[in-house]
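Annotated features in TrEMBL:
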type	residues	note
BINDING	CYS140, CYS143, HIS144	heme c binding site
SIGNAL	1-20	signal peptide
Amino acid sequence: MFKKASAALIGLAVCGAVVASEFRSPEAAIEYRQKAFSLMAHNFGNMGDMLKGKKAFNADEFAQRAANVAALAHIPAEGFEDGTDKGDTEALPKVWDNMDDFNKRLLDLQNDSAKLAEVAAAKADKKALGQAFKQVAMNCKGCHDTYKKD
Ligand code: ASC
């Protein structure tokens, strides 16, 4: 018991932190998650434009963009580590007060965007694509309404 405690104290003294971080700084974590959201928005926005007829519908492009979003949905969570609530971020402090709910919403985003990618890969009709797309869009919006600055 004592040995464990002193080893932890030595670790703290050497590393300066108990919780390990995969990032070099809080700013790097914030930038990482923002870039993932930005890449998602680009791909998702282009899918929306195709569904709305604002740009020509291309099933292959749609499927690739859906696959991109499904992969990207796994990226941001890591960037929301403790201590990254301050700085150049639009994430509200509520995120860290409700991390279980926030993570659940990110999981919903992952699951629903995986479904969209599946439907898109199967070259489903526009109605099915639109339904799956809407489900993902509602996840984006629901989380922004709750956890993102206006
Ligand atoms: C987008 C984008 C979002 C979501 C959201 C859906 O294309 O950039 O943040 O869709 O507007 O409601």
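Start at 1 and count along the chain as shown; that gives each residue its number.
Using the three backbone atoms N, Cα and C, a Cβ is placed for every residue, glycine included.
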From the centroid of the CB atoms of CYS140, CYS143, HIS144, the recorded heme c site, which same-chain residues not already listed sit within 8 A by their CB, in sequence order?
ARG105, ASN139, LYS141, GLY142, ASP145, THR146, TYR147, LYS148
Same chain, 6+ residues apart, C-beta under 8 Å of the C-beta of CYS143 (heme c binding site), given in sequence order:
PHE102, ARG105, LEU106, LEU109
According to DSSP, which of helix, strand or coil covers CYS140 (heme c binding site)?
helix
